[in-house]
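Copied over from TrEMBL, here are the features:
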type	residues	note
TRANSMEM	37-58	transmembrane segment
DOMAIN	47-311	domain 'G-protein coupled receptors family 1 profile'
TRANSMEM	70-88	transmembrane segment
TRANSMEM	108-131	transmembrane segment
TRANSMEM	152-174	transmembrane segment
TRANSMEM	215-233	transmembrane segment
TRANSMEM	261-283	transmembrane segment
TRANSMEM	295-312	transmembrane segment
REGION	323-343	region 'Disordered'
Amino acid sequence: KIICGFVLFGKVAPVDREVEVSLCRMDLCVTIKGVSFLLQTGLGILGNLLVLLAYAHIVYCERRLQPVDMILFHLAFANMMVLLTRGVPQTMTVFQLHNLLDDVGCKIVIYSYRIVRALSVCITCLLSVFQSLTIAPTTSRWANLKTRLPKLILPSFGFLWLLNMAVCIAAPFFSVAPRNGTVPKFTLNLGFCHVNFQDQLSYVINGVAITGRDFIFVGLMVLASGYILLVLHRHSKQMKGFRSSDRHQSSTLESRAAKTVITLVILYVVFFGIDNIIWIYMLTVSSVPPVISDMRVFFSSCYASLSPFFIISSNKKIKRRMSCASEEPKQQSPASEVSHVKL
């Protein structure tokens, strides 16, 4: 049984029953919210770190990465930075750890978060476009571009970094540490930091720029994923004339690729869709309630937490590296037992 009260001078002060119930509910909500952010952040950082370590091991052994692996590596790095710059401070704030950052710290953290969050969207869009061009028929209008794709990956990373650094340049100017007292109008209350806009015009312009950028890249990703499904559907029709074993193997590969594309589309449309719906709502009000801000942070971080586990489950290279790492102790144990017997 939970007993809520105020402790004064070593004695429990009597509290009205309604106040006691409200305090208990408040403590329960804070606990649930804190545990949710803690699990999301901890598991997400662990998953992205495993992906980065697996690719680092591939680079160490093979001295190079394939273009799609370079994109996935960059995506895992961006997602881990999303959780470090937003998930960690948000979790600490939920557990009543205040005054984490000063004005300079808020400017650095908010600016870094805006950039890596945008990179997460853009790089996934780049992955979808790269996959769609890779599987495009050689007779299509994209044939010349297919041969140049590997050389365009690194310049694309540089372009996306510069683009998002320019779009998010306003964030440091409006980011400050929380002040005592009421939160002024047109302020995004992030808990650990405040983003104070001067007026409604600057508030709306900043929101429209961020939302417009997200919708453009998500739209490109959806179109590229739809083209992949179309190519796979046409390929499945062409394979019907082959013998059953070849058709079965081909259909298995096609269904696996289709599931990968569909999962990517679902992850983006659901989580970033909810994120931007809440963001659009926040643009329509002058004062945003903290619970709305917490909901947006949670849903905007869901993709960063779930995507590494999807990459691990669908990428044979990473699964092979992890299985080899887990089997090494087992392979060493028989040798140790033999040496022990000989002694």
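Glycine too: its Cβ is placed from the backbone N, Cα and C atoms.
Where the annotation comes from TrEMBL, it is an automatic prediction and has not been curated.
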Confidence summary for the domain 'G-protein coupled receptors family 1 profile' (47-311), mean pLDDT rounded: 80
Same-chain residue ranges lying at least 6 outside the transmembrane segment (37-58) that approach it to Cβ under 8 Å: 65, 69, 72-73, 76-77, 79-80, 83-84, 87-88, 90-91, 94, 297-298, 301-302, 304-306, 308-309, 311-312, 317-318, 321-322
